[in-house]
Amino acid sequence: MPSVASPVSPARRVAAAVLRRVEDEGAYADRALAGEAARAGLDGREHAFATALAYGAVQRRRTLDHVIARLTRRPPGQLDPPVRDALRLGLLQLIFLDGVAAHAAVDQSVELAKAAGGPGYRLVNAVLRRASREGRRIVEQLDDRTPEGAALRHSVPDWIARMWWESLGPDEARALLARVNQPAESALRVNTLAAEPVAVAAALAGREVAVRPAQLDGRLPGGEGVPDGEGVPGYGGAPGGAAAAVLSLPEGLVADGAFDLRGDPLFADGALLAQSRAAMAAARLLDPQPGERVLDLCAAPGGKTTHLAALMGGSGAVVAVERHPGRAEALRRTCARLRADWTVAVETGDASEPRRDGPFDRVLVDPPCSGLGTLQGRPDLRWRATAESVAELARLQGRILAAGAAALAPGGTLLYVTCTISPDENEGVIEAFLDADPAFALDDLGAELPRLRSRRAPRTLQLLPHRDGTDGFFLARLRRSS
Ligand SMILES: C[S@@+](CC[C@H](N)C(=O)[O-])C[C@H]1O[C@@H](n2cnc3c(N)ncnc32)[C@H](O)[C@@H]1O
């Protein structure tokens with residue numbers, strides 16, 4: 001029999017397969033997408049469209065299901081899963097994606113439902129035709145003046161919107177919620193153990209990948225801490241004594257749009273890796289020096305471990321502790337690929353246990369967290385995290401911080417970092433630790449980068465995706481006096 005080409009575009013088929021795997025198998029959307037896209041052999045354009053569809057439908061699930069319920073008058077849970085997926089994908093295109101013709105969005109979802117068999121395609125056709133006229137208005141009418149209304153409009157669980165409302169205030173919380181459904185910035189770090197940033201930027205430009213230098217702008221809109229115009233490696237003293245208020249990330253690059261990093265020879269050579277500007281700030285703010293001993297608690301997959309080794313110029317020692325054996329093994333391979341294995345010793349172990357190999361000059365504590373600062377790049381995370389898990393994580397984070405602090409030499413520096421916007425896991429952990437241990441004090445990072453300071457604990461930093469364009473990391477730097 002001659003093969004019959006599917007009437008559904010490859011990107012939409014891949015997106016539908018990802019939705020199925022996320023719902024049926026509890027798969028992570030980013031990993032399912034990588035697998036399905038490779039299997040289908042998607043090219044760059046199709047891959048970008050499949051990503052927008054799959055990420056968007058998973059992220060905006062709550063809002064899309066609200067529209068489905070309005071237009072079908074039944075809870076989406078009562079629909080056949082393939083019919084519901086076809087509706088979610090169709091509505092996403094009609095309501096939220098620019099540049100997709102309405103007739104294509106409707107017809108392609110009808111074909112997806114037909115491919116699943118049964119009469120459900122008729123419902124898909126009727127609902128999407130109505131949605132092409134009314135869908136945007138239904139969403140625009142959702143009132144985001146309360147946390148619950150904003151949660152429905154921007155598709156997060158109520159508890160996340162309430163937490164951000166309380167900690168950031170309504171305006172900032174609404175802006176953040178609007179941002180968490182946008183694509184994440186594509187930031188890269190040049191591994192200076194293997195290559196020079198200028199040479200890498202030139203090589204990328206030769207392949208028509210446009211990149212720009214990376215930094216974190218800590219200047220207040222009013223102009224506090226205006227830099228002198230020079231790139232300052234690390235933050236701090238600009239000529240004349242004024243605070244630069246810009247954390248420069250000389251090894252960082254920001255690409256205009258996504259590009260196929262893993263297919264690029266620079267990746268295979270260990271010269272380039274994906275790392276957000278927020279994550280790069282951690283090693284930069286810890287500021288390890290060549291020859292020092294550094295403890296890195298909770299280290300896999302190793303973006304920060306290898307950054308520490310690179311900043312130390314390959315001299316000194318990093319002890320990287322990771323509890324999960326498979327992740328520890330992957331970290332060893334990453335260190336070898338990035339030429340950091342001379343400096344880094346990976347230990348499979350529990351970071352909350354007391355250390356016998358101290359003292360260390362510097363300690364990085366990057367414990368497991370709820371990850372709510374990374375919702376743009378991890379589409380299903382918002383549906384996995386729970387308010388209860390936050391409390392449990394905060395207890396573990398406190399124990400790991402205490403173990404790291406106990407291993408620090410007098411006069412040494414500790415950086416506590418999370419990739420979340422969750423006061424109990426961030427400021428709360430630091431406050432409880434400082435109350436219990438008078439030998440430690442907070443450096444005033446907020447004075448150096450005032451725009452980035454946390455509202456609740458102004459000596460610490462809380463990065464915010466809508467304001468800073470990068471992941472929502474929390475960073476606190478502690479010094480041990482005795
Ligand atoms: C936030 S991630 C670390 C990211 C890493 N520092 C980087 O920059 O790539 C947290 C890591 O801690 C590990 N982990 C969780 N509990 C741990 C524990 N008690 N001891 C050590 N590692 C732990 C997790 O497996 C995970 O790899």
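Every residue, even glycine, has its Cβ placed from backbone N, Cα and C.
Feature list (source: TrEMBL):
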DOMAIN    176-481  domain 'SAM-dependent MTase RsmB/NOP-type'
BINDING   Cys298, Ala299, Ala300, Pro301, Gly302, Gly303, Lys304, Glu322, Asp350, Asp366  S-adenosyl-L-methionine binding site
ACT_SITE  Cys419  active site, nucleophile
Taken over the domain 'SAM-dependent MTase RsmB/NOP-type' (176-481), the predicted model's pLDDT averages 92
Counting every protein chain shown, other Cβ atoms within 10 Å of the Cβ of Ala300 (S-adenosyl-L-methionine binding site) number 22
Taking only the CA atoms, the spacing between Cys298 (S-adenosyl-L-methionine binding site) and the residue listed as 'active site, nucleophile', expressed in whole angstrom, is 13
Same-chain residues at least 6 apart in sequence with Cβ under 8 Å of the Cβ of Lys304 (S-adenosyl-L-methionine binding site), in sequence order, are Ala279, Ala282, Ala283, Asp296, Leu364, Asp366, Val417
Taking only the CA atoms, the spacing between Asp350 (S-adenosyl-L-methionine binding site) and Cys419 (active site, nucleophile), expressed in whole angstrom, is 20
Longest inter-residue Cα distance for the S-adenosyl-L-methionine binders Cys298, Ala299, Ala300, Pro301, Gly302, Gly303, Lys304, Glu322, Asp350, Asp366, rounded to the nearest angstrom, is 19
Same-chain residues at least 6 apart in sequence with Cβ under 8 Å of the Cβ of Gly302 (S-adenosyl-L-methionine binding site), in sequence order, are Ala320, Ala330, Leu331, Thr334, Cys335, Leu338
